[in-house]
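Enquirer: Take a look at this one; I'll ask things after.
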Amino acid sequence: MPGGRWVPAVKWLGCWPAVTHRPRSQRTSHMRSFLFFQLWMGSHPRGDAKILDNRFSQKTLSQWISENQDCLGSKVKETFDGKLPFLFKVLSVETALSIQAHPNKELAEKLHLQAPQHYPDANHKPEMAIALTSFQGLCGFRPIEEIVTFLTKVPEFQFLIGDNAVAQLKQSSSSDSQSAASALQSCFSHLMKSEKKVVVEQLNLLVKRISQQVAAGNNMEDIYGELLLQLHQQYPGDIGCFAIYFLNLLTLKPGEAMFLEANVPHAYLKGDCVECMACSDNTVRAGLTPKFIDVPTLCEMLSYIPSKDRLFLPTRSQEDPYLSIYDPPVPDFTVMKIEVPGSITEYKVLAVDSASILLVVQGRVTASSPTAHTPIPLQCGGVLFIGANESVSLKLSVPDDLLMFRACCLL
């Protein structure tokens, strides 16, 4: 999957082919080119799925939905003003993606009004990432005790934050949560607002020290030496390299997930995942990116709540033994993971009162439905758009295990 090996079969049920495929998109940073991969599945204006079946007059998914409102489901149609409320993606990350957070609705509306070129819509963007391979990311602030330990072990990190803010943070470990949050905000803001020249100097000192210790055969994992060198190689002199000492470092196994509500700082570092979010492209960035950064907004908006446990666990379905449900505390989306053993010859996809998008990750099937003109063959990367209350039957083409993910809106 890394490097853009996803090739969607672009057959959609409901019933036409439609998908926006962005293979190995290129971005430039510090005169170097990095490659990453995205597969967008949804109706956002920046990635509206194209309808490839000439039998239909509509050319995009958003056009189809606007003219066929019943496909959303009655509750979804009413709650989200006749629009598909979620955006489904596959990400294959080879180079770290930015230190960022997503605004709540109130802030999203404000930012969109002030700077629509940077904040393209007025919606919030809670999101969930579910690992397909071993997936490494940063998520939420570490417990204060861990941050203090890094401040002691990494003098370059402490230098950028400053003695006063460091002292305040150390004292806050025995204070109330509000005082701790205030101290944490002060430290993080001092770091992110550091002068560029000073950041480069301190980062070069740290890189040199770690490199020398590694060359001497010393283990530097207590300060994430290998990761620091990796990020610095990708983004030389970038302040975001120091964020590893503030944020929890997670390595998700396939099927494990993290949920990112509004104002939670995070970054995706390496690996493959499926991602679902509210239908928005609003991102406030502050490091590890050549894109527009907005440090003052990020530092002001973040939720400064230290927390160690950032895994989001699915629940097993009571109706379907092959189904696991990732149901976050937001109305916009739910993700289902479907694992069907190869010994099963036919699988019925549960009908739900919501439009949904089904992605095949592993296995081969033939999909059929009362509304489909012909059976639709699907394999890895195949995508189905399923209208609300549609029943779908999948016949396994080969006796291999089947793995699929389905995004929908369960109100």
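Glycine too: its Cβ is placed from the backbone N, Cα and C atoms.
So TrEMBL says this about it:
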- R285: active site (ACT_SITE)
- Q100, H102, E127, H266: Zn(2+) binding site (BINDING)
- 38-143: domain 'Phosphomannose isomerase type I catalytic' (DOMAIN)
- 160-247: domain 'Phosphomannose isomerase type I helical insertion' (DOMAIN)
- 325-369: domain 'Phosphomannose isomerase type I C-terminal' (DOMAIN)
Enquirer: Would you say the domain 'Phosphomannose isomerase type I C-terminal' (325-369) and the domain 'Phosphomannose isomerase type I helical insertion' (160-247) are in contact under the rule of three or more C-beta pairs closer than 8 Å, pairs 6 or more apart in sequence?
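Expert: Answer no, regions not in contact.
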Enquirer: Beyond the listed site residues Q100, H102, E127, H266, identify every same-chain residue whose Cβ lies within 8 Å of the center of their Cβ atoms for the Zn(2+) site.
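Expert: Output for this site, in sequence order: A101, K125, L260, V264, P265, T283.
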Enquirer: Can you tell me the CA-to-CA distance separating E127 (Zn(2+) binding site) and the residue listed as 'active site', as a whole number of Å?
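Expert: Spelling it out, the Cα of E127 (Zn(2+) binding site) and the Cα of the residue listed as 'active site' are 15 Å apart.
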Enquirer: In angstrom units, rounded to an integer, how far apart are the Cα atoms of H102 (Zn(2+) binding site) and the residue listed as 'active site'?
Expert: 9
Enquirer: Can you tell me how the residues of the domain 'Phosphomannose isomerase type I C-terminal' (325-369) break down into helix, strand and coil by DSSP?
Expert: 0 helix, 24 strand, 21 coil
Enquirer: Across the domain 'Phosphomannose isomerase type I catalytic' (38-143), what are the DSSP residue counts per state (helix, strand, coil)?
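Expert: Breakdown, helix to coil: 27 helix, 30 strand, 49 coil.
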Enquirer: Please list, for the domain 'Phosphomannose isomerase type I helical insertion' (160-247), how many residues fall into helix, strand and coil according to DSSP.
Expert: 68 helix, 1 strand, 19 coil
Enquirer: Are there residues of the same chain, six or more positions away from H266 (Zn(2+) binding site), whose CB falls under 8 angstroms from its CB, and which are they?
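Expert: Result: I99, Q100, A101, G137, L138, C139, G140, L247, M258, L260.
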Enquirer: Using a Cβ-Cβ cut-off of under 8 Å, list the residues of the same chain that are 6+ residues beyond the ends of the domain 'Phosphomannose isomerase type I C-terminal' (325-369) and lie near it.
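Expert: Sequence-distant neighbours of the domain 'Phosphomannose isomerase type I C-terminal' (325-369): 9, 11, 13-15, 41-42, 65, 71-76, 79-80, 84-86, 88, 90, 126, 128, 130, 132, 255, 257, 259, 261, 274, 276-279, 312, 314-317, 319, 375-411.
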Enquirer: H102, R285: which of these recorded positions has the sparsest Cβ neighbourhood within 10 Å?
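Expert: Among the recorded positions H102, R285, the sparsest Cβ neighbourhood within 10 Å belongs to R285.
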Enquirer: 10 Å Cβ neighbour count around Q100 (Zn(2+) binding site)?
Expert: 24
Enquirer: Count the other Cβ atoms sitting within 10 Å of the Cβ of E127 (Zn(2+) binding site), across every protein chain shown.
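Expert: 26, counting other Cβ atoms within 10 Å of E127 (Zn(2+) binding site).
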Enquirer: Over the span of the domain 'Phosphomannose isomerase type I helical insertion' (160-247), how high is the average pLDDT in this prediction?
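Expert: On average, pLDDT over the domain 'Phosphomannose isomerase type I helical insertion' (160-247) sits at 95.
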